[in-house]
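Visitor: Structure provided below as structure tokens; questions to follow.
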């Protein structure tokens with residue numbers, strides 16, 4: 001009798017995706033981040049669900065309800081900090097996952113890559129709205145500053161901002177709708193992740209060499225199920241180290257002050273995972289220009305397949321491109337640092353140079369490096 005997992009309509013889908021899936025024999029730990037992102041998403045949905053049971057999306061009580069969760073709800077503090085630091089782990093995994101895709105040329109799978117970019121945007125939007133919910137000082141002013149950027153759009157900008165706010169400032173209506181959107185968005189992200197996987201399984205995984213691996217495939221289970229489980233154990237370890245020892249390490253102290261529209265904090269800044277984009281936004285003196293640069297800093301990922309000039313897919317055998325890639329990583333770390341600094345000398349000029357470098361490396365230096373490498377192959 002044939003195995004039930006190969007015949008049952010539902011189990012067949014799971015079987016083809018996680019058990020009998022043919023996988024390359026040489027994919028490294030950089031290929032673990034996809035499953036880790038799935039774990040992060042499930043964890044965020046579960047902790048978020050339990051937080052939503054005790055949270056009240058109202059300007060009068062939001063801050064108090066979060067305090068109530070931490071003080072009075074059984075294990076509320078651990079749920080709250082797992083959710084807050086879970087977002088940080090989520091973005092660490094996201095950046096690693098995207099970095100892996102850039103390094104090994106995974107962007108050649110166009111549909112998978114483009115849905116991945118949409119997923120990145122959706123996750124960033126969701127995280128932003130989540131940061132507003134505790135209704136601390138940084139929540140309120142972060143929401144005010146970032147939503148206000150839309151007013152830079154010519155003609156319809158001001159109307160658009162007031163429409164999003166549901167009034168003439170960030171207020172009760174804004175908080176309520178942000179809570180609604182923050183609740184629904186992870187389920188949309190989960191659905192998109194399914195489509196992401198669907199397209200990936202049409203082609204099969206890439207591998208570090210960038211060479212087709214049809215000749216040497218192994219079953220996903222047990223080889224990569226055990227590897228994923230190890231990655232998951234390390235992810236949970238790192239998350240719980242953060243949660244149990246330094247839960248506020250990545251947060252902003254200003255968010256422990258209730259939101260006050262009459263008092264602006266001296267340095268408005270987003271969570272650490274948005275700082276690189278925030279630095280690019282601030283480095284351009286023009287409002288609309290800054291907003292465009294902010295959007296393009298992420299949207300530029302869509303252009304990666306067009307900017308690929310190399311004869312090889314992966315960077316594994318391309319030392320000049322490797323150099324460019326790691327300079328780009330260093331540049332992003334520099335931008336992250338600058339994003340958290342006040343707008344004063346020398347941070348302004350460093351931010352501007354790092355922003356120029358970011359676009360220059362991606363649009364010019366990496367494609368040129370690839371062409372040089374192609375020519376070196378002829379020697």
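Backbone N, Cα and C atoms are what each Cβ position is placed from, and that goes for glycine too.
Below are the features listed in Swiss-Prot for this protein:
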- 33-53: transmembrane segment (TRANSMEM)
- 77-98: transmembrane segment (TRANSMEM)
- 83, 182: heme b b562 binding site (BINDING)
- 97, 196: heme b b566 binding site (BINDING)
- 113-133: transmembrane segment (TRANSMEM)
- 178-198: transmembrane segment (TRANSMEM)
- 201: ubiquinone binding site (BINDING)
- 226-246: transmembrane segment (TRANSMEM)
- 288-308: transmembrane segment (TRANSMEM)
- 320-340: transmembrane segment (TRANSMEM)
- 347-367: transmembrane segment (TRANSMEM)
Visitor: Are there 3 or more C-beta pairs under 8 Å linking the transmembrane segment (347-367) with the transmembrane segment (288-308), counting only pairs at least 6 apart in sequence?
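Guide: Counting Cβ pairs under 8 Å, at least 3, so yes.
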Visitor: Would you identify the secondary structure of residue 201 (ubiquinone binding site) according to DSSP, in three states?
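Guide: DSSP assigns residue 201 (ubiquinone binding site) to helix.
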Visitor: Rank the binding-site residues 83, 201 by how many other Cβ atoms lie within 10 Å of each Cβ and give me the one with the fewest.
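Guide: Relative to the other binding-site residues in 83, 201, 201 has the fewest Cβ atoms within 10 Å.
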Visitor: State the Cα to Cα distance, in Å, between the residue listed as 'ubiquinone binding site' and residue 182 (heme b b562 binding site), rounded to an integer.
Guide: 29
Visitor: Can you grab the distance from residue 182 (heme b b562 binding site) over to residue 196 (heme b b566 binding site)? Cα atoms, rounded to a whole Å.
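Guide: So the alpha carbons of residue 182 (heme b b562 binding site) and residue 196 (heme b b566 binding site) sit roughly 21 Å from each other.
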Visitor: Any residues 6+ beyond the ends of the transmembrane segment (226-246) with a Cβ under 8 Å from its own?
Guide: 29, 32-33, 35-36, 39-40, 43, 78, 81-82, 85-86, 88-89, 93
Visitor: Could you tell me whether the transmembrane segment (347-367) and the transmembrane segment (320-340) are in contact, taking contact to mean 3+ Cβ pairs under 8 Å with a sequence separation of 6 or more?
Guide: yes
Visitor: Out of 33-53, 77-98, 347-367, which stretch has the largest tally of CB pairs under 8 angstroms to the transmembrane segment (178-198)?
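Guide: The listed stretch sharing the most Cβ pairs with the transmembrane segment (178-198) is 33-53.
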Visitor: Would you kindly give the Cα-Cα distance separating residue 83 (heme b b562 binding site) and residue 196 (heme b b566 binding site), rounded to the nearest Å?
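Guide: Cα of residue 196 (heme b b566 binding site) to Cα of residue 83 (heme b b562 binding site) measures 24 Å after rounding.
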Visitor: Long-range neighbours only, meaning 6 or more apart in sequence with Cβ under 8 Å: which ones does residue 97 (heme b b566 binding site) have?
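Guide: Expected: 33, 34, 37, 116.
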Visitor: Reduced to three states, what secondary structure does DSSP give residue 97 (heme b b566 binding site)?
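Guide: In three-state terms, residue 97 (heme b b566 binding site) counts as helix.
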